[in-house]
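Taken straight from TrEMBL:
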- GLY171, GLU172, SER173, GLY174, ALA175, GLY176, LYS177, THR178: ATP binding site (BINDING)
- 905-956: coiled coil (COILED)
- 1328-1447: coiled coil (COILED)
- 1172-1197: compositional bias 'Basic and acidic residues' (COMPBIAS)
- 16-68: domain 'Myosin N-terminal SH3-like' (DOMAIN)
- 77-770: domain 'Myosin motor' (DOMAIN)
- 1510-1787: domain 'Dilute' (DOMAIN)
- 606-640: region 'Disordered' (REGION)
- 649-671: region 'Actin-binding' (REGION)
- 1101-1135: region 'Disordered' (REGION)
- 1172-1200: region 'Disordered' (REGION)
Amino acid sequence: MDPRGSTSPVLHCNACQYTRVWIPDPDEVWRSAELTKDYKEGDKSLQLRLEDDTIVQYPIDVQGNQLPFLRNPDILVGENDLTALSYLHEPAVLHNLKVRFLESNHIYTYCGIVLVAINPYEQLPIYGQDVIYAYSGQNMGDMDPHIFAVAEEAYKQMARDEKNQSIIVSGESGAGKTVSAKYAMRYFATVGGSASDTNIEEKVLASSPIMEAIGNAKTTRNDNSSRFGKYIQIGFDKRYHIIGANMRTYLLEKSRVVFQADDERNYHIFYQLCAAASLPEFKELALTCAEDFFYASQGGDTSIEGVDDAEDFEKTRQAFTLLGVRESHQISIFKIIASILHLGNVEIQSERDGDSCSISPEDEHLNNFCRLLGVEHSQMEHWLCHRKLVTTSETYVKTMSLQQVVNARNALAKHIYAQLFGWIVEHINKALHTSLKQHSFIGVLDIYGFETFEVNSFEQFCINYANEKLQQQFNSHVFKLEQEEYMKEQIPWTLIDFYDNQPCIDLIEAKLGILDLLDEECKVPKGTDQNWAQKLYDRHSGSQHFQKPRMSNTAFIVVHFADKVEYLSDGFLEKNRDTVYEEQINILKASKFPLVADLFHDDKDSVPASTTSGKSSSSKINIRSSRPPLKAPNKEHKKTVGHQFRTSLHLLMETLNATTPHYVRCVKPNDKKLPFHFDPKRAVQQLRACGVLETIRISAAGYPSRWAYHDFFNRYRVLVKKRELANTDKKAICKSVLESLIKDPDKFQFGRTKIFFRAGQVAYLEKLRADKFRAATIMIQKTVRGWLQRVKYRRLKWATLTLQRYCRGYLARRLAEHLRRTHAAVVFQKQYRMRRALLAYQRLRRAALVIQAFVRGTFVRRIYHQVLREHKATIIQKHVRGWMARRRFQQLRGAAIVIQCAFRRLKAKRELKALKIEARSAEHLKRLNVGMENKVVQLQRKIDDQNKEFKTLSEQLSAVTSTYTMEVEKLKKELGHYQQSQGEDGSLRLQEEVETLRTELERAHSERKILEDAHTRENDELRQRVADLEQENALLKEEKEQLNNQILCQSKDEFAQNSVKENLLMKKELEEERSRYQNLVKEYSRLEQRYDNLRDEMTIIKQTPGHRRNPSNQSSLESDSNYPSISTSEVGDTEDALQQVEEIGLEKAAMDMTVFLKLQKRVRELEQERKKMQTQLEKREQQDSKKVQVDQPKNDIDVDQDADLAYNSLKRQELESENKKLKNELNELRKAMADQATQSDSTHSSPDSYSLLLNQLKLANEELEVRKEEVLILRTQIVSADQRRLAGKSTEPNINARTSWPNSEKHVDQEDAIEAYHGVCQTNRLLEAQLQAQSREHEEEVEHLKAQVEALKEEMDKQQQAFCQTLLLSPEAQVEFGVQQEITRLTNENLDLKELVEKLEKNEKKLKKQLKIYMKKVQDLEAAQALAQSERKRHELNRQVTVQRKEKDFQGMLEYHKEDEALLIRNLVTDLKPQMLAGTVPCLPAYILYMCIRHADYINDDVKVHSLLTSTINGIKKVLKKHNENFEMTSFWLSNTCRLLHCLKQYSGDEGFMTQNTTKQNEHCLKNFDLTEYRQVLSDLSIQIYQQLIKIAEGVLQPMIVSAMLENESIQGLSGVKPTGYRKRTSSMADGDNSYCLEAVIRQMNSFHTVMCDQGLDPEIILQVFKQLFYMINAVTLNNLLLRKDVCSWSTGMQLRYNISQLEEWLRGRNLHQSGAVQTMEPLIQAAQLLQLKKKTPEDAEAICSLCTSLSTQQIVKILNLYTPLNEFEERVTVGFIRTIQAQLQERNDPQQLLLDFKHMFPVLFPFNPSSLTMDSIHIPACLNLEFLNEV
């Protein structure tokens, strides 16, 4: 094959200096060079300059006219499609692939219909879900080459053409075939996921680990090489969802089971099983490490770097389980695999004669083999060493030699593994099989590529034979596509001569071909490989595709389409026969394990071909084929492996020919598995083998370059003359231009929509275009240079004139300077002389003045001293006279004071006498008791709380008194019976009890005193300890404040920045939390929708003829139960909710959200109660700690208050104890009297006993009265003291402070002593009360104090640790730590406040419920009274009275009957069209619904409220489901739902929502019900409607975005189209259906904005809608930019900048610029700037890094790699510059995700927006048909 012929003439015509060409090179295959002088016809060599500036002479073949290949222009280098190259030849293809792979790191490239995939040997982030969604729905040529693009093209053609598809993945081992096929299946599983819950796509993907385990192995070229071919058919239904799959396998490499070359391994499953041999369930397998088994250790190293066999084995087992393989079958599979390993270790001993062998009966491995397979040990031992020969006359057993036994054993091992492989494939197909009807399928063929090794055997021959067949099919398909393209474009079709490999195929498979001769030789009893090779020489020596090596008689050469391959005939016959002895198979058939017997049973041959196709190629001779053979087989000669492979290959080709094929050619860039390392030799070898160059040659033979008229006109507009541009027909212009530019009409053809060019013509047109630009550039340069020269001349002339002017001026100034200097010299002389005379005069004058000054000074000083002396004398006289006057004044004042003292003493004595008299009076005692009364006042609150108890006691006492009276009457009659016998006993017993009580009281006094002392001592110790701790804490606080001040002084700015960052982070977390909640709402909506769909499907499926009645307990509106009910009962009644669950049933309760909400609320209330108790406990501890930590003056006051409280408590306790004593005594008396009544028979009694008992009762009553009076007096004193305290608190300190009296030390009389004694008694009582109170609280206080001390210790330890850690941190970290502490504190405070609010709300709800109950009772009572009154009046009235109704105003409520609710929902929700309400109040349905709800609230009908709200919500959901693609309808109900939500908030009665209400609006608030839970339900519904609105808008805008933002020429003439290849961009058509401009997008957004504004949607929501839409525009545009090389150019950046500015202008024009939409476009803005920035120097790299902050490192590098110059004057981005960018961006922690998630949705907020309308001002139009609504 010689691909040069079509391009050599081009070089001959253009072989001028500086022409760049390709020349062969032994190392790099092809090397670039440049002509240093023109080539003339007849020259025998070319003078070339290489890229390293080396000059070489390149000889050329003049006779063969073999000139070097021409290089393509630089603008074409790096193209996505190789067919877009102007010069199509091998060096151009190799160079383009190399540039894309090494410089841009692009591993995928199109070559016509073929996708070339180069293995990068590195994980690339280009296979995520975001990339799948980006390629989904796109045309194949619109995006960068990718395996997903091929998969999408196959999926799209299957849906569009309704024809089955195939993806053929080929390449040599290690090229990445399996990975490419796996990604293609992953794409189908994601895009065409199953509609049901069978998860068939997961099962399809789960088959990969199993097939890799049993069919992949390590080779020298690949660590995970597939050693079999497979064809997976993925089935789809009519909706193109995956419903099932089927797998076929081809040519399993069975020889690997028994033999591995050096540095290779057996199949992975053997090593995985050995790695898991230690597991308990695998102990019976008797396995050890893999090195111990012959079949697993022949290759040397049994491990693979970076691979964990045990982990892979676990994945394999999980995949088996997922595919439905039972655990028992898995164990059986592993037993069979382990038996193969044991079979390889069986030791075979040769006998002395050499013709026979034996196996030891004690062989452990043979025992394990027989045990694991369940066969008889003796028979297997015998038939491994013997064989049975059957002749026509007799049958006899023959021994075998050692080699024959080894071969038989290996054949048995291979046969067992192959049968097991087929069984696994069959069961995988069963798991993937579906009962549904398959509408179409996509097949993925992962098959071995062309292979050539140093030693090639039977396996390589079959592989290359399969590739010959596939290449033939590929060539015919390419030829067919070319023909179809020409016919569609109406181009004259000429036969293209392409390479046809049918002769080579005939050589292999035709009659008496290689395979036929091989089968024939296998039939010969004594056939050998040498005989077969000799037959090949004799038969095919004349064939051009068959050759005999010179130095060998056992090898032969086949000339394949890719290369010559030499095959060694040794082993061909044995591998083709694949002989397994029948006796061994019969032993296995008799296995006691069913699975082993099934593997070798003959019934397997009758399985249909569709299920056994996977193992057809690996079946043995003794297994009959399921497909009809080419020749009738006989019983003696069964099908060979070659025959079976040929048959399965024919079936595969039939399948492929019946589908539309798509080709993926995998290329291995190097043999060392180095990432992104390109070996040109290996690459060229594979490109030749996989048919890529043949595709190029076929394309180059015709018209490879194809241009749409519109693109051609845009690109080559510069070549069109001005007069031709006047024509509006672009097609005619293109024709005229080409006819004038290219004279040879055979070089191009005009199609219907495209222009076809021969190879090299586009390069010629590019040259003309570049020449045109160059000529224009020269003209511009000439004009500019002339203008610059003229400007320069004018500047020089002006400078010369300026210099002359300045020189002449300088000379004139110098002359004037000379004259001025001369005149100045004369003036200087005159002045100097005058100066000398002046100085002499001044010197004489100064001398005279000095003399005069000294003389005058002498006279003045004399006068001054005289005046000074006189002044001093005057001062002395003044002081003497003053001293005398003061002494006289002091004498007079002393006398007056003496007189005053005497008078005052007399007066004081009189006052002292009056005070003594006063001290003896009652007023003094009152002052003494004032302090106690004031203290008692402080106990008023506590006594008020116990008034009820006192009342109860009083009632009991009165009851006791009455009982006493009755008992006395009874006792008077019976007292005579007890006077003699028991008269003395009762009184004595009472006296003894009194003495006992006195003794106990004294003991209690002593114990109280001891406790008081101990308490005082412990209290002092604790106070001292607390004081020490407080002091230490204060020191720590001071130190902490100092450190904080230092830290704040050092990093004040940093703290502010960190605070801002923390605030932003908290906002971000809030947004994320809100987003997660709204995603949950969205997921709930999706599940609800799916549930409805499944319910509809089940209804359709279960429908049968006849009437079927629904269960009576099932509601017709099942979604009614999704919302809570309103009831007057307790909402948190969980018992009722659970009872409801039991009554309704599990199925209904699962859908009833009421129970869930009740339980949830009950849990929330319990949590609030727990928090409340905890808060109270903490507050109590804080109060106790505050009590301990107060100052000493406060302690004194508190002690007094506590004393008063204790005294009051003691008084109450004494009263209670006295009452109890009286009750006990009364009971004892009753009991005693009852006992005497039963014991005594006589009625005589003693009068003394009776009188004693009566006296005791009287005393008890008197003491009771006294106690009552004391209580009343105490209460009166408390009230009066409280009034005095409130009247003047300022006098309290004075009264309390009066603790000493002037007369206290004087002698007092008897009355004073009595009063003092009473005071002491009161003091004792006070102390007793204090001791009792302190003894009760002592232990609690001690425990609280101890706990507080421990807490303080722990807190101080934590603070000390925190301080130590803080001091070790940097200032920034210290500030951050402080901020975290502050945030924690604020969070705790926030939680406390929230708990308080919840507590208040709970109390409010409780009060409202109670009020509601009372109101209902009152209303019922009033109604009953009114009814009774009306009846009375009706009886009283005797005549008719006419009553006239008084007209009342509309109260903003609408009344309807319960039966009209369905009609209301239908007219107002279900059947309502937004157009019907045009011109009315926006959101009118929401207002009407609220007025209906308000009336139901007014009449206190909770059932009606619940029913109306539930029906409304269900109706809205039904409407939205029906109109799920109608933007206007969705926007209409979003606005109404939000308005209804706002109304429920505005009129809820909550003060937070009523701040903007008018007085009239406050009257319209709800009175009875709290609809907070329904507000939450409406909020969730609003979120769902908002998400549906965004989905509809995105669905409308998304098809427009790419065309409008990237492809449409917003700036005419700016963008130029590059040459494109086979994969044409469909959206680049001039007038195509998919072409949109930016104006269309803006018009659509105008439409959205108008609809939302007209329907009254809140402005805040409109802002959020457009923010979301602009983010989607940004994400889709940027993702497309990152996946398309053709749009990454400078002109696209300019177009993007212009388009974004237009969108920003639109936002400002609609007053939407505050929505944050522009910020969402920031990544796209930076991407556009990046395309326009200079990209050469390190300064440019630094500028790019500082500018592109919103783009990730991966995105920046991707754009730079994709950057494509549209003109040859632009330069590509160098690899070094990209590496510089990567180095500078290493510090960024950017996410690894390349593409933006265009499905991401910002969390939506519904801010409260109250309405200014009042309900009574709303008019209901007649078009709504709501006449049944009555205005109230």
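Positions of Cβ are set from backbone N, Cα and C atoms, glycine also.
Here the features listed in TrEMBL are painted onto the structure.
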residue: GLY171; record: ATP binding site; Cβ contacts under 8 Å, 6 or more apart: ALA117, LYS177, GLY449, ARG665, CYS666, VAL667, LYS668, GLN686, CYS690
residue: GLU172; record: ATP binding site; Cβ contacts under 8 Å, 6 or more apart: ARG221, TYR448, GLY449, PHE450, GLU451, CYS666, LYS668, GLN686, ALA689
residue: SER173; record: ATP binding site; Cβ contacts under 8 Å, 6 or more apart: THR219, ARG221, ASN222, SER225, SER226, TYR448, GLY449, GLU451, LYS668
residue: GLY174; record: ATP binding site; Cβ contacts under 8 Å, 6 or more apart: ASN119, THR219, ARG221, ASN222, SER225, LYS668, ASP671, LYS673
residue: ALA175; record: ATP binding site; Cβ contacts under 8 Å, 6 or more apart: ALA117, ASN119, GLY449, CYS666, VAL667, LYS668, GLN686
residue: GLY176; record: ATP binding site; Cβ contacts under 8 Å, 6 or more apart: ALA117, ASN119, CYS666, LYS668
residue: THR178; record: ATP binding site; Cβ contacts under 8 Å, 6 or more apart: GLU212, ASN216, ASN224, SER226, ASP446
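Counting every protein chain shown, the Cβ of LYS177 (ATP binding site) has 27 other Cβ atoms within 10 Å.
Surrounding the centroid of the Cβ atoms of GLY171, GLU172, SER173, GLY174, ALA175, GLY176, LYS177, THR178, where the record places ATP, the chain contributes additional residues within 8 Å, namely ASN119, ASN222, SER225, SER226, GLY449, CYS666, LYS668. Applying DSSP to the domain 'Myosin N-terminal SH3-like' (16-68) sorts its residues as follows: 0 helix, 26 strand, 27 coil. Per-residue pLDDT, averaged across the domain 'Myosin N-terminal SH3-like' (16-68), gives 81.
Helix, strand and coil counts from DSSP across the region 'Actin-binding' (649-671) read 9 helix, 8 strand, 6 coil.
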